[in-house]
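Peer 1: One structure is given below, represented as C-alpha cells, and several questions about it will come after.
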Amino acid sequence: MGPALGAEGSREAPGRRPAPRGLGRAGPMHSLAAGPDCCGGLGNLDFRQADLCIMTRLLGYVDPSDPRFVAAVLAIAFNPLFWNVVARWEHKTRKLSRAFRSPRLACYTLGGAILLLNVLRSHCFMQAMLSQPRMQSLDNPTAYRAGLALLGVGSVFVLSSFLALGFTGTFLGDYFGIFKEARVTSFPFNILDNPMYWGSTANYLGWAIMHASPTGLLLTAVVALIYTVAILYEEPFTAEVYRQRASQACRRS
C-alpha cells in the first residue's frame with residue numbers, strides 16, 4: 001500500500017528532552033504519600049493545557065511549510081470538493097450526461113477521475129510522511145501491528161462498501177439519475193454510516209502508525225475533518241435528490 005520507506009524516514013525529531021527524573025513507576029505513589037493536596041489536587045488541573053501540550057509535542061515533528069506537506073493537505077481538501085461540485089452541477093444541468101450521451105458513461109468517467117485523484121492524494125500523503133521525522137515512541141513492533149490491523153479493518157470497510165453499492169452507487173450515480181432499487185442495509189452499512197469514508201480514514205491512520213509518522217497522524221486528522229465536512233454537506237442534498245425522485249414517482253402513479 002504505497003511506496004516503501006526510505007532511509008530518510010528513520011530520523012528522530014531534534015531537540016527531544018528526556019523525561020524528568022523521579023517520575024518512574026513509584027513517582028505518583030510517592031507524591032500522594034508526600035501530600036495528597038499537592039498543587040491544589042486534581043480538580044485544579046487544566047486538561048485543556050494537557051491537550052495543548054500533546055498537540056505542541058506532535059507539531060514539533062512537523063514542518064507545515066514543507067511543500068510535500070502542503071501538497072498533501074491540498075490534495076486531501078480538493079478531492080471531496082471536486083466530486084461534490086461536479087456531481088451537483090451534473091444533477092442541476094445534466095451536461096455531463098448529454099456530453100457522453102449516457103448518464104451511466106458520465107458517471108463512470110467521474111468515478112475514474114475520482115479514483116485517479118485518490119491515487120494522487122495517497123501519493124502526496126506518503127511523500128509528506130517520508131520527508132519528515134519519525135516518532136521514536138511509535139517506532140516499535142506493537143505499534144506497527146496496530147497500524148497494520150487498522151489498515152486491514154479500513155480496507156475491509158472500503159472494499160465491502162464498494163461491493164455493496166456497486167460502481168455507480170459508490171461514485172454518486174444518484175446525482176446522475178442512476179438509483180438503486182432499495183437502500184443498502186447489508187454489511188458494512190449495518191455497522192456504521194459512511195463506512196467508505198471512515199474505512200479510508202482508518203487506512204491513513206494505519207499508514208501513519210506503521211510509519212511512526214507524526215506528520216501522517218496530523219494529515220489523518222485533516223482527512224477525518226474534511227470527510228466530516230463532506231458528510232454534513234452531502235447528506236442533506238442526497239436526501240433531497242431521493243425526495244425529488246419519490247415525488248416524481250408519486251406524480252406518475
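Here the Cβ of each residue, glycine as well, is placed from N, Cα and C on the backbone.
Caution: TrEMBL annotation is automatic and unverified by curators.
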Peer 1: Hey, in TrEMBL do Leu59 and Phe237 share a topological domain, i.e. the same side of the membrane?
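Peer 2: Opposite sides, per TrEMBL.
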Peer 1: Would you mind checking how many other C-beta atoms are within 10 angstroms of the C-beta on Gly152 (S-adenosyl-L-methionine binding site)?
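Peer 2: The answer is 13 other Cβ atoms.
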Peer 1: Among the binding-site residues listed here, Gly154, Glu235, which has the most company in the form of other Cβ atoms within 10 Å of its Cβ?
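Peer 2: Of the binding-site residues Gly154, Glu235, the most buried by Cβ count within 10 Å is Gly154.
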Peer 1: Only counting partners 6 or more residues apart, tell me which same-chain residues put their Cβ under 8 Å from the Cβ of Val153 (S-adenosyl-L-methionine binding site).
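Peer 2: Correct list: Gly199, Ala202.
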Peer 1: Just how many other Cβ atoms lie inside 10 Å of the Cβ on Glu234 (S-adenosyl-L-methionine binding site)?
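Peer 2: Its Cβ shell of radius 10 Å holds 20 other Cβ atoms.
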Peer 1: Taking the residues the record says bind S-adenosyl-L-methionine (Gly152, Val153, Gly154, Glu234, Glu235), how far apart in Å are the two Cα atoms that sit farthest from each other?
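Peer 2: Farthest Cα pair among residues binding S-adenosyl-L-methionine: 27 Å.
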